[in-house]
Ligand code: HEM
């Protein structure tokens, strides 16, 4: 900027041009900052040290390295020198220790990167105080002029308490508002050095701390857990080279191909703007209007209408990075990559009727399940696998790997397991951790890079942008749950809620006054993969993106008959809630491009004819490489942990046969299940032998849908008591209708018969999910029951129109 001639030169420019000899004499004022605090001898020492350090930086030696391709691929480390402590300081008075100030930061200190212990607080044995640390004498009454007099404005204690309360809420996430989190760790199976220099994969057995947040997408923060929806599966890896966030979903594809459409998608699925309904549901006009005009969403719709969108538990669903990423090794060689998480417990879902009922009796169903599993020591575990492929391979696929509406079928590129994720600690405080955590698709570390997926490009921008307002300013990376364990040192300063107290006067680079620190890391830091870009600037998509149905057909074709039936039923339900007939017909015309029986089934459910198939956006459909992919079925992953953590209800009433009750309970607990005695009310229940057990739950407070299996025990008196309660029939009906295993012992057979349930399937075979036994036959029968629970659901029992 030009100066007027009378304006004095900037002090920095003046001192920079002053020769070293112009050092002020002892006692002479050079600046208020230094002369007012430093004793003369120390100040002279400081001045000399500063000058000596600055002389080592005769010029910016790295400048030449800012130019040219070689420098870009292998940037040089920034020039730096050891800085004498005196110079690194903001002030020479830092040696004056105080209870509040402490003394000084050690060289390179970054206390924000220490474990969360540094911010955990505990009030045991402590007095109540204000936020200023003043002990509060009376927390019951506001300050008044006389017992019956007016409250006084000077009551700073009341005002502080109410003011803080008034500001307790922050904006919820614009999407994925409802979620639950947990801490844990990732353990690498092997070194992936040949493929990537990413820190978590550096060597076999390497442990990286993580925080994971699972979520629904559409509902508000207080909405139900069991909505039909995509689930977020976001993992923050606190690596020793900075935070890497793998912000994925439990479905490997997405609705749209380009970030430009994300706000439209979200506006369409969120409650309609005029009356703010429906909450946490896609079954309404605007969603189906939008997606039926966006045929690229067809593949995703198949997944969202499948049972994947109503998982039994966060612990029993897969996770996917969705986009194609790039892994980069030390030599700068890149491999394309898709990320997959698979739960050790297998993939299991609810039925729709069950999900609807659970949302009424326990809207926190998934949150509670995750919390209770971790508290009980049954730590959820997932295996991370990668699909690795080259650009050349990708170029040959019939679809584009930059298109997030496509998977790379496992038949084309197999999965390579690379490590495991274990969630072993619940947060101490939901708000401080789960609510304030800020995942970001842009958070990558050296060794992991983006591709040109146009959806990913929008995400790289969106997360930090939204978090600026959600978390109130640019320093939310300092909130403890977001702070990396890797040291953070840069020249960013100030802003709302700044926590770090930066030592020293240098907040720029290059510098000589801070010995060049913090200096650029050069090739040791994040170096973007140098993907060649030579093209016109366009608003368009590649031709391959125009094929919208092949993988929807693949998904549908890979489902078991029961899963296909569920998909048809889900479309039927959702579209029955759409009030505009033209939109219903439009969706069915899309489905006609996927599979004739799918379109016919949905049309039949809506009482309409199958319309003509929607015209395709591509002139000639490329031939799909894969026609069947068995692992796309949820049933492909039954899990390897038997009945561990399954919740089993045992109905009890006075007079339950004691011996059989104990036998069943002991065996189920030994197999790792959680057994609850459910009575007509909670409290003590006398057994047939006079002993007493405690009913932990009641028919009203823990309805049948909250359990994976049911035991109806023996004992004439107990059965008579249960039969007299209308809720018992509902209890059994729901278990039966939802295809869950039921163990029926002795006299309780009449309860099962009472609801008209058959133990024989439509094809005449025995229903393996219903185990009938006398008390004497129990040991064997319980083993069969355990097997039946491990199978999760007995779908053979299901009929589209429930018979019971
Ligand atoms: C252009 C497309 C997208 C945009 C603009 C976008 C934007 C956002 C925004 C603004 C949030 C809220 C973040 C916050 O307040 O902290 C969010 C959350 C989230 N997004 Fe996306 N998103 C997009 C696509 C996707 C895709 C494709 C996935 C899955 C791969 C995904 C997964 C998630 C997850 C898991 C969360 C919740 C993170 C958490 O638990 O805090 N998003 N997204």
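Positions of Cβ are set from backbone N, Cα and C atoms, glycine also.
As annotated by TrEMBL, active site applies to 176, 249. For 173, 213, 262, 459, 463, 470, the entry in TrEMBL reads heme binding site. For 1-11, the entry in TrEMBL reads compositional bias 'Pro residues'. The annotation compositional bias 'Low complexity' is assigned in TrEMBL to 12-25. Residues or ranges marked as compositional bias 'Basic and acidic residues' in TrEMBL: 44-69. If you look up TrEMBL, you'll see 129-517 marked as domain 'Catalase core'. Taken from TrEMBL, the feature region 'Disordered' covers 1-128.
Shown here: features listed in TrEMBL, placed on the structure.
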| residue | record | contacts (Cβ under 8 Å, 6+ apart) |
| --- | --- | --- |
| 173 | heme binding site | 179, 215, 221, 466, 470 |
| 176 | active site | 215, 216, 217, 232, 234 |
| 213 | heme binding site | 179, 180, 181, 232, 234, 434, 437, 439 |
| 249 | active site | 230, 231, 232, 233, 319, 320, 322 |
| 262 | heme binding site | 256, 455, 458, 462 |
| 459 | heme binding site | 247, 259, 441, 442 |
| 463 | heme binding site | 247, 438, 439, 440, 441, 442 |
- For the compositional bias 'Basic and acidic residues' (44-69), the DSSP residue counts stand at 18 helix, 0 strand, 8 coil
- CB neighbours within 10 A of residue 470 (heme binding site), counting all protein chains shown, number 17
- Query: What mean pLDDT score does the domain 'Catalase core' (129-517) have in the model?
  - Reply: 98
- Please give the greatest C-alpha separation between any two of the heme-binding residues 173, 213, 262, 459, 463, 470, in angstrom, as a whole number. 21
- Message: Please report the three-state DSSP label of residue 470 (heme binding site).
- Response: helix
